[in-house]
Amino acid sequence: MGDTYFRTTNYHFTDLDPQAQAAYLGSLAEQARANSACLRFDVLRKDQPSTQWVLHESWRDSQSCKDFHASAPAQTLQKARVEQNLNHPAQQAGADKPAAARPSGKKSKWDPYVWISIAMCIGVMGTALASPLYPLYQDRWELNASHITQLYVAYMAAGLTGLLFLGRLSDMKGFMPVLRTGLILVTSGVTLSAFAWDVGSFLFSRIMIGMASSMIVTSASIGLGQFNRGGDVQRAAATTSLMLAFGFGLGPVVGGLIAQWVPNPLFSSYIPSMALGVLAIYALFQIKPIASKQPVPQKTSWRTWMPRLTLPATHLRRPYLIGCLSACCAFAMFSLFASLAPSFMAQMVPWHGPATSGFSIGIILFLSSGFQLLIRRWPAKRSVIVGLLSFTLACIALLINLWASSSLLFILCVLLTAFGHGLCMYGGMSIVQRVSPPHQRAGLTSTYLITGYLGAILPILGLGWLADHLGLDQGLMIFCSLIATAALIISIIAYLTPVLHKPATAA
């Protein structure tokens with residue numbers, strides 16, 4: 001088999017009206033993507049005139065591309081061809097960039113890339129804000145440990161539902177309307193949390209926030225890819241990862257610090273997130289989407305909204321599932337600190353209060369971001385293996401500290417968790433990028449996140465039940481033993497899995 005073949009071609013339709021053009025190209029794209037030799041087939045409408053389109057495609061070899069374009073369905077396309085650029089694989093990095101992603105030479109006051117990044121950070125900041133406040137809610141409403149985990153799980157379940165049912169919404173409606181809606185929803189949920197008068201109202205606000213978080217993450221990720229001026233998809237993915245970690249970390253730190261020293265903490269802690277949310281919403285309405293990147297109109301039915309999990313080609317499934325399971329462990333370990341850390345930290349460290357628990361939660365994500373920057377040149381396989389082993393050691397340290405009650409040992413546990421979280425999230429996302437052809441990237445990313453959300457929901461729900469029936473110490477012993485064993489087994493499987501080489505088509 002020859003080298004991977006890349007081609008960028010411009011087309012100008014004169015015999016078809018805009019609706020017919022969209023329908024024809026949508027049908028042709030489906031046929032191309034059904035071809036096992038097709039790695040990419042993205043058709044984008046140009047801004048002016050509306051009858052011009054640009055096609056970015058890549059195939060396993062040049063003959064497969066020629067055979068497809070010689071087929072009967074592609075003849076209308078061939079008649080409309082204006083020009084084409086053939087690219088050798090070594091030149092793909094520069095030639096395969098979307099035209100709209102290149103520098104425009106004109107800088108706007110509302111830089112889209114910057115504000116989409118900020119909007120993502122502010123959005124996820126609101127989702128994690130309540131973590132250090134759970135003990136205060138527990139005292140106000142006389143809740144037990146299982147109620148706290150149920151509140152946390154309700155938020156995660158809402159996020160999971162959003163990924164399952166709304167994961168493709170950005171593909172159908174465009175990322176900007178979805179991002180704006182998600183940010184409005186999360187700001188509304190944060191506001192409701194500030195005014196929550198009982199468990200039911202607070203639970204409803206957490207469900208709103210969870211649903212909004214899935215919309216924000218998926219739509220902002222697509223937006224960063226579209227407005228990335230360098231055309232480097234890996235850079236956009238790195239920005240996404242860093243903004244998510246920073247935003248999720250900033251929420252509990254800000255909330256904890258305000259709750260520790262400002263009066264009326266269950267209201268005042270939410271003020272920064274509400275104010276920043278309004279600013280981000282205003283900024284997003286100043287940004288105009290790229291017309292040439294708007295989705296081709298599609299027919300929708302009730303089946304469109306049904307949950308759909310995507311898997312890569314058969315020979316890529318083992319590394320992909322390892323990446324998903326590593327994310328599952330990362331979510332489970334972080335969720336332990338996010339949901340129950342304020343409860344079990346009381347017997348492990350001499351410092352107490354929302355600021356301490358908020359900082360311990362935030363520091364995991366801040367350090368995770370830093371570790372991702374430090375190991376960004378590591379192979380994905382090494383990142384996943386070392387990250388999983390770090391989780392095993394963190395669980396062992398946490399088990400020992402149930403008896404030792406050592407501040408130093410607890411700090412070591414936090415550092416190991418942060419290191420493992422950074423490596424597993426980086427390695428897992430790198431695997432997703434490597435196994436995903438462009439037309440499957442959204443689906444495979446959603447499946448990856450769904451696996452992670454399940455890791456955050458099921459183990460923590462079980463831990464809450466164990467804490468109520470056996471006690472918190474016994475529950476932590478079982479939880480840590482299971483996570484340590486699972487992480488060790490997955491790391492061994494990852495070690496025995498052949499190295500996944502980066503394909504020439506990976507962006």
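Heads up, the Cβ atoms here are built off N, Cα and C, so glycines get one too.
According to TrEMBL, the feature compositional bias 'Low complexity' maps to 89-101. Per TrEMBL, region 'Disordered' is recorded for 89-108. The feature domain 'Major facilitator superfamily (MFS) profile' is assigned by TrEMBL to 112-498. Annotated transmembrane segment per TrEMBL: 113-137, 149-166, 178-197, 203-224, 236-261, 267-285, 320-345, 357-375, 384-403, 409-432, 444-464, 476-496, in sequence order.
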* Do at least three CB pairs under 8 A connect the transmembrane segment (409-432) and the transmembrane segment (236-261), leaving out pairs fewer than 6 apart in sequence? -> yes
* Can you tell me which of 203-224, 267-285, 384-403, 409-432, 444-464 gets the most C-beta pairs within less than 8 Å of the transmembrane segment (149-166)? => 203-224
* **Any contact, the transmembrane segment (113-137) to the transmembrane segment (357-375), with at least 3 Cβ pairs under 8 A** => yes
* So, does the transmembrane segment (357-375) come close enough to the transmembrane segment (409-432) to give 3+ Cβ pairs below 8 Å, pairs being at least 6 apart in sequence? -> yes
* To do: Using a Cβ-Cβ cut-off of under 8 Å, list the residues of the same chain that are 6+ residues beyond the ends of the transmembrane segment (203-224) and lie near it.
  => 112-113, 116-117, 119-120, 123-124, 126-127, 130, 151-152, 154-163, 166-167, 169-170, 175-176, 178-179, 181-183, 185-186, 188-190, 192-193, 196, 236-237, 239-240, 243-244, 442, 445-446, 449
* Structure fact -> Near the transmembrane segment (357-375) in space but 6 or more residues beyond its ends, with Cβ under 8 Å, are 128, 131-132, 135, 238, 241-242, 245-246, 248-257, 259, 334, 337-338, 341-342, 345, 383, 414-415, 417-419, 421-423, 425-426
* Is the transmembrane segment (444-464) packed against any residues at least 6 beyond its ends, judged by a Cβ distance under 8 Å, and which are they? -> 145-146, 148-150, 152-153, 156-157, 159-160, 163-164, 167, 214, 217-218, 221, 309-312, 320, 323-325, 327-332, 334-336, 339-340, 428-429, 432, 435-436, 475-476, 478-479, 482-483
* Structure fact -> Sequence-distant residues near the transmembrane segment (384-403) by C-beta distance (under 8 Å, 6 or more away from its ends) are 322-323, 326, 329-330, 333, 348, 409-410, 412-413, 416-417, 419-424, 427-428, 431, 473, 476-477, 480-481, 483-484, 487-488, 490-491, 494-495
